[in-house]
Amino acid sequence: MKAFVIDDDKLSVFLTQSILNLDAATQCVDTFLSAEAALDALAALKETDMPDVIFLDLNMPLMDGWDFLDALTSDRLYAEKEFNIYVLTSSLDLSDSVKAETYSIVSGFLHKPISSEDVSLIYSRIELQKKAEVR
Amino acid sequence: MFAFEKPSVLEKLINASLDIFGCVDSSGCFVFVSDAVSYVLGYKSEALHGKHFSSFLHPDDVARTNQFFNEVLSLSHEVNFSSRCIHSEGYTIHIFWSVIWIEDKDILYFVGRDVTDQKLGIQQLQEKDELHRALVEHGTDMLALFDENVNFTYSGGSTERILGYTAESLMGINAFSLIHPDDVEMVQEKLVQALESEEQVTISDFRFLHINGEWRRLETCLSNQLHNPAVKALVTSSRDVTEKYRNRQRLIESEQRFKSLFEYNPDAVFVENREGLILEANQAAEQLLGLPKHEILFKPIFGFLPPEAVAVCDRHLADAFNGNTVKFLLKSDFEDGKLVLEVTKIPVKVNGEVLAVHSIVKDITAATNYHEAVEQHAKKLTTIFESITDAFCTIGRDWKYTYVNSEFERLTNHKKEEFVGKSFFELYQDSSSEIFYKNYLYAMQTGCSVHFEAYSQEYGIWLSIRAFPSEEGLSIYFNDITERVEVQRELQQLSLVARHSTNGVIITNAARTVEWVNDSFTRLTGYTLEEALGKVPAELLQAQHKDQHPLEAVKDEMLRGVPISREVCSRRKDGKSVWFSVQVNPVFGEQGEIVKFVTILTDITERIKSQQELEMLSLVASGTDNAVIIMDVEGLTEWVNVGFTKMTGFTIAEMAGRKPAEVLRGEETEDITLRKLCEKLREGVHFNVMIAYYRKSGEKFWASVDTTPICDKNGNVTRFVAIQKDITFRKEAEENLLKMTQDLNRQNTDLQQFTYIVSHNLRAPVANAIGLANLLTKVGKDSALYDDSLAHLKQSVEQLDIVLKDMNTILSVRDGQGSLELEKIRVKLVVEQALNSLEESLKQCDGEVLFHIADDIEVKANKAYLYSIFYNLLSNAIKYRAIDRKLRVEVKCQASPDKGVLISFSDNGSGFDMAKAKDNVFKLYKRFHKNKNGRGIGLYLIKTHLEAMGGQIEVTSKTGVGTSFQIIIP
């Protein structure tokens, strides 16, 4: 599994990355302290090098998580692309999870901190998905 | 000299002989020549003496004769030959010579005889024979001889050339074997005839077999020469007449053809010569003249013509002989009556010369008569059509105009030519012609006549149209009924007006008794038409309380024909009183006499009542506490009550002729309300406005103004009445309430935002702490990760502490708002304090702060807040300075008497994108710089502090240039 972590909170990034690395299935974790950097990285990646899963924080300066999602949705380059984007936020505000549901490219909504159980659940979901695609 | 010494008998004989006797010596020179030479050749014998014989010979014969002479010299016997000599007069003489050479005497004796005639005879015979042969061989005739059995004994002439048989091949052949079987009998008959009569017989045209098998037509002359001993044969001379026969045959055919064409031509045809004699005439000509052919031929044609036609025909005949084809009409009285003949004269030319003239005469009397009859008929019809006073036209079945009369031209203002031959559709394409088309079509299809009235848009008139169908199409009559229609319409409209008018209408006769009343009269008075008929209206409606109806009083005026207008009180049928405005108009007859009166009643009871009411109301209005204004239709004050003066301080004298709003408006009077006021006045409807007005004293008050339009009977606004109440107290209460609501709203929004902030920012370090604590349980105590996690856990908890401290600060500012104590503070002092606190950081980044603040500028503020504002602004400037240049901060301060103190705080730092930041700049926990440890609380605090002191802050920034804050503190 290749994962992207987008979060401006270095502590949170450290934590998420560490939990992910505990899972054996994790091959590589790329971390980004801003959404812009993550977008640039995606644009530079080849089709085959795309991350299997993206963990996205919402509250970030300048471009926040919503802006990132909007940019992905409106970019024709990713129109056909199926991302596994999980919003990972410290917010307990209900309005955030409701809003996240309106984005079709968002696969799930997680409250920080992420747990190993969350990770293995997400991974197994992605595995199933991949198998279905192969079939 | 010759041997005879003396002239002897012999000598005499010789000299007398017609033959020339003589001798020449061996050289050929004459020794002696007898006298005959002068007779034969024209030379004297003496003249010849000693001359060489050759000098008399024909030059062509000299050589031959010389040769001969030399031969003779070696011979001893007589030799004969002939040669030509030239007569002294130049012509040629043929001489037959007999010569003998006497050797011992060395003399040659000769005798010459003139054989010219004999020679010429032979030559002529030869020539004749030659001529015959040539004639026979090269002539066109075929010659043949037959024995008595008609077998060929000779064939010659051009037989071989014409029939292909050689002379030899025909020898012994019987002639009949080569003659066409059908012709054998005829030829035999002729043969018998020839044998019997011994005369020459001609057998014309029989068929004889050509060697190639084709039959040729021959013409043969047969002569029986059997009994002629020199011939003993049947002599024939034949000629091939096949071509001639064919040509003749063709000629016959063509002649017959033309003959029949001529003979059976339905028109009379004459052939005339130059003098006008009839050379030929056909059957039709016989019929035309009523005479058999023999009485016509070779008679002058003029004999058959009536005298007046002769000159015309003569002239045209001469013209035809000049080579022109002429055609003319001949109308004349013949014996059978008046005839119309169409004559065509065609010259018959042979080699360019006109030999005769063919005259083709066609009797077109009937056709002409018919044509004339039709024309006359048409003329008659035209006269009839023109005499029709209605506009009239005819349309063919093909929808084309066939005729229009002059009235139609006048009606349409178009010429006849513009219609005739044109299609109805071509001329009318607008939709208004639809009704015409439909009616015409109906008439054409059903054969029924139609009558309809229609409006012609094109000519702008009403038409009554009658269309009568016939075999040919339609005859259509138009009548301009515009006037009638318009009068009718006007009448209809008038009657509609009269009938449905809300006014009562009475029509009375000259004696003032009712003839007609309308429905409104019944409604207004209660009397129906039947009840009113024959009554005098004034008596009918006489009010009880009056002795005489007011109209009775003006009776005399009425009868003088003066229009009358009065307001009268009348009595209805049910006894109720009504006020009418009565207008009586006389209607005059042609002689100026009064025939009718038209009386219009208008119910003005309401108006009278309202007038009375108004009078009472004004009594009320003058006594009330509320201000009452009466304005004219323009909105200008006519009257105000005492209440108005009490409320505003303005008296009626000050207000009269002025608009109330113009007088009472002031600084805080809203333009929008004034506009609404004007608008509603214009519309003439009731309305209410709340408006800030000013008393004469300048004191502001709130007024609620109810304006009501007062209308007359016709609904026209005549006045406005405005009732004005002082609602200042109420308005103030309202304003307070509004402010309270706004505050509440803002606080509610703040609270919502605060909750959001707490859920994000307070929870973030908590979540991290939980996560890290969990992580610690999963990693080994000796690993680097364990140490990192532990360090991070500590950091998280510290963060949590910071946030909680922030919360505390914010809450304390917000809570303190209501009871905040403000004191006069010198701005410069506070700025210096903030600068001192951050001096260390400034030095580190080598930044400088320039401030231009007058010492005495003071603001009414909370010192701690003001310090916090400057501290935060300055620390932000340091934190977000541009890396590539030295930080430079400029603080300016300026006191404005009406707005307060303006402070501008500008740096040359990294700035931020205004478009991206939008209105989030001053919001809590909003950050605009990556990789900086900002919490997003500084600007929020600045704004909160300022607002707590009633101040404002605005920001402008440009990425890479710097940020500038404008602060206003009242």
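Residue positions begin at 1 at the first shown residue.
Placed from the backbone N, Cα and C atoms, the Cβ positions cover glycine too.
Residues annotated as domain 'PAS' in TrEMBL: B:6-76 (among others).
The DSSP breakdown of the domain 'PAS' (B:128-198) into helical (H, G, I), extended (E, B) and coil residues amounts to 41 helix, 14 strand, 16 coil. Residues or ranges marked as domain 'PAS' by TrEMBL: B:128-198 (among others).
Looking just at the domain 'PAS' (B:254-324), the mean pLDDT is 82. Annotation comment: TrEMBL describes B:254-324 (among others) as domain 'PAS'.
Annotation comment: TrEMBL describes B:377-447 (among others) as domain 'PAS'.
What TrEMBL records for B:490-535 (among others) is domain 'PAS'.
Residues or ranges marked as domain 'PAC' in TrEMBL: B:564-616 (among others).
Marked as domain 'PAS' by TrEMBL: B:613-684 (among others).
The domain 'PAC' annotation in TrEMBL covers B:687-739 (among others).
Residues or ranges marked as domain 'Histidine kinase' by TrEMBL: B:757-970.
Highest Cβ pair count under 8 Å relative to the domain 'PAC' (B:564-616), across stretches B:6-76, B:254-324, B:490-535, B:687-739, B:757-970: B:490-535. Helix, strand and coil content of the domain 'PAS' (B:613-684), in residues and according to DSSP, is 40 helix, 10 strand, 22 coil.
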